[in-house]
Amino acid sequence: MTDNLTTTHGGSTTLELLAQYNDHRSKKDKSIEHIEKGTCSGKERNPSYDEIFTENIKLKLQVQEYETEIESLEKVIDMLQKNREASLEVVLEQVQNDSRDSYVNDQSFVLPPRSAERKAHIKSLNLPIPTLSPPLQQGSDVALETSVTPTVPQIGVTSNTSISRKHLQNMILNDEIEANSSFSSPKIINRSVSSPTKIHSEQLASPAASVTYTTSRITIKSPNKGSKSPLQERLRSPQNPNRMTAVINNHLHSPLKASTSNNLDELTESKSQQLTNDAIQKNDRVYSSITSSAYTTGTPTSAAKSPSSLLEVKEGENKALGFSPASKEKLDDFTQLLDSSFGEEDLVNTDSKDPLSIKSTINESLPPPPAPPTFFSPTSSGNIKNSTPLSSHLASPVILNKKDDNFGAQSAKNLKKPVLTSSLPNLSTKLSTTSQNASLPPNPPVESSSKQKQLGETASIHSTNTLNTFSSTPQGSLKTLRRPHASSVSTVKSVAQSLKSDIPLFVQPEDFGTIQIEVLSTLYRDNEDDLSILIAIIDRKSGKEMFKFSKSIHKVRELDVYMKSHVPDLPLPTLPDRQLFQTLSPTKVDTRKNILNQYYTSIFSVPEFPKNVGLKIAQFISTDTVMTPPMMDDNVKDGSLLLRRPKTLTGNSTWRVRYGILRDDVLQLFDKNQLTETIKLRQSSIELIPNLPEDRFGTRNGFLITEHKKSGLSTSTKYYICTETSKERELWLSAFSDYIDPSQSLSLSSSRNANDTDSASHLSAGTHHSKFGNATISATDTPSYVTDLTQEYNNNNNISNSSNNIANSDGIDSNPSSHSNFLASSSGNAEEEKDSRRAKMRSLFPFKKLTGPASAMNHIGITISNDSDSPTSPDSIIKSPSKKLMEVSSSSNSSTGPHVSTAIFGSSLETCLRLSSHKYQNVYDLPSVVYRCLEYLYKNRGIQEEGIFRLSGSSTVIKTLQERFDKEYDVDLCRYNESIEAKDDEASPSLYIGVNTVSGLLKLYLRKLPHLLFGDEQFLSFKRVVDENHNNPVQISLGFKELIESGLVPHANLSLMYALFELLVRINENSKFNKMNLRNLCIVFSPTLNIPISMLQPFITDFACIFQGGEPVKEEEREKVDIHIPQV
């Protein structure tokens, strides 16, 4: 009874002392925090810590000097008052001798020398859990040297001794000294982990040499940041009000009172575990090095001594040791012992009748023992009975904080190379009451973060196996008791996460066989600058879309790396290259979309994944979901589109991503929620663009929208638009069909301009792109080629009839009735020529073109080819979203018979020659519009006109001349002004034509040619010559000459090339008058003819060599032209 009162009285006294110290420490921390904040927030430069420290030392020395001087003066005065007869010199000498003696005494009181026997003179708070029986203590010295058992700090209190304040302070100070010595350096820690016995023997062999302790710098450390063991962190928290209660309980319920038989069993088990330490430490050196510091304080020497003798030695030492200033400074670190113990979580076992629980006699209020530095190797799973861990092992941070230890034996089978696993689930029957009282230390240190990151995914999946094992043990289910503020410390249950995902899964891993995945778009943009991949999950049975989600390419690659690292033998296709995601070319976009579809299809074709991989895939498809907002009432269609504008001299023609929204008859294009383009469909024409492999713009699933800004003029805006799939294109065209206005058909252009057409228009001569609204449209997903079969009637008759209109080089018969005679003579063999043409182009889809003025005014018709050889099946037409485009009756068309394109501008060269032509130099056949322009320029000295082809004429007059040529096919430009004067003597001067107007008309005709100047088929041949001889212009000229003489270039194209380049040569020769040298001509005609400068320049420089059989111009006589026009 007296002992209990004494203990209670000592405990209350200690609590009061700790409360006072805690207040002192809080004030000190606030002061330090205030100093640090003031230093960081100062605008002006404040002195550094080293400068302040140096100044502080100087001031302290100065104050000490002043105090010493004052003390000496006081002694002198005192001695003079006592002995007035003594002289001043004698008194000063005596005072000086006294000061020297006191200084020597202070110096000898600093620190005792460090000797090999210092362990015996230090108060050790670490006592082993198992107490050795007397026979074992006497006869098992070898075992003591080779086996280090887990220890827990205890405070020895005898029955007849009370815990005084001074006694407690001495114990705390000694614990600090022991802790600091164990954390002396990482090198010593690692050595102690690998061989505790060896490091102990080295310490015993060290000479008894005195060590001088010096401090060059004081470091302000937060109490929470000390490198302490988990046990020390738990016991040193100043915020824990029950910290002294725990210390006292550690003594009252010390493991020294446990039965010797139980301790002997656990010691035997620890010996078997010690044999596997070396192998485990190699794999988990980080964890071992962190946790081992908590156990190196207890040495075999201290374990060999009896508890009673050890307490007596330490008690005697505490009496001899007092509090010096140095020890008080060390006491400042005491709060680090108390910081982390506040709010931990214990596991308390419910009623259990397991026989194994007899081993543990420790009270439930006892704090958990520290974890041992090692854990069990999976290689010993076959000998589980002989290697059962101690109860304290189950709470080891090495086991519980190591992610891979949550693997069970079953989950390890799913991996080809299973990682290191623990036998914890298989050893659940060995759990004792002590393991249920064990609480988990704080989170692992920073050094192990990289290892946890690699193993984190596996632990989150298989950790439920550990929970299930704990709950199914024979000892009963675990019961968690939370103390106040217990959320800051994790426990066994908090670390072992559930197998279920922490996020809701839309599809469970076992349901992968019921879904299929489809990549909808790689152009999706969701509030980010980078494009994402939009993916849909579709129910395999019903075919309906379940939900959508978007992923960046970075996240896609992360999943790919994860699967290939966990399942190396999984046959997965390669993801698209990074270059494919850095371009917006429609063909490249289509390619990467197909590759991604194949990739995800192969993933979901795998019958079964390991649990961790399956959960990772389920989390991948269940995050970043995209909720499709309800479409607005005025929105007919919306989606991502690729847009390209026609190229100019200063602009580019690259593809850009736009989000299109069709509202009523207006198509709005947005770039990052900013409206950039607005297209009015009621005054626009639409034509399809075929998918050709040699398209240099990479057009795929595209169409052209031409918006006419103002009727009567040639001003129009062209928009080249591509979708990601052909089905998506048909959906857009189906939505557009409701807003095409037939009244705008007269102003629709019949073909795309030559300067902004892509290679999709590079069909053979005589083929055309039909406009949307007067053409049939393919309903299948196959590449659709657009052509006009109605214009190919009888080439032989056409040529013979057109030759009747040829006159001499000075004039031409401009009678327009010749065209009607031509139509009458050519109608007989129309059907025969049509069948022949279809036989040659069986893979093409025919499109009928209605561009005549009369038929265009009637209606805009869309017809379907009913030929049996058409690859478009009836089923595909019915299923096609664009079938409403094709339901327009073609009965009105059949009554009028076949229609012939009668427009000059925009028609092929052969068509223009059939309609009207002239002989140039009695050799070359030229369309009438070209011949009339050349005639006017030569007769009116246009080749000497300054700025010819560079200065633009009146757009109104040019448009008027275009319409007249389209209707009359031939207009005498040399007499045009006279006809204007004859009609109206007071006509405005703006109606007259000039050199710049005629040159602008010629450029307009060349720009509207649906094919290249020398033919689309011959383009690659000329380009090959340039590429092979790009540094040798002479060889380029000779190569062009061979191509011209070989007859590969059709006569019609050759005639136009000869006439045009001869004109440019003569303009270049008069460059001193017209200021149009070779460089300026190349700048103007390269975009007009849609050919690069490197291909255009030889035709002008070496005209005589290429067309007239002359010699190439010598290298020194050539004019250097260094021009680069973008996208030409």
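Quick reminder: no glycine exception, Cβ is built from N, Cα and C everywhere.
Among the candidates S254, S324, S988, the residue that Swiss-Prot annotates as phosphoserine is S254. The average pLDDT computed for the domain 'PH' (634-741) is 83. Within 10 Å of the Cβ of R950 (site 'Arginine finger') there are 15 other Cβ atoms, across all protein chains. R950 (site 'Arginine finger') carries neither a helix nor a strand DSSP state and counts as coil.
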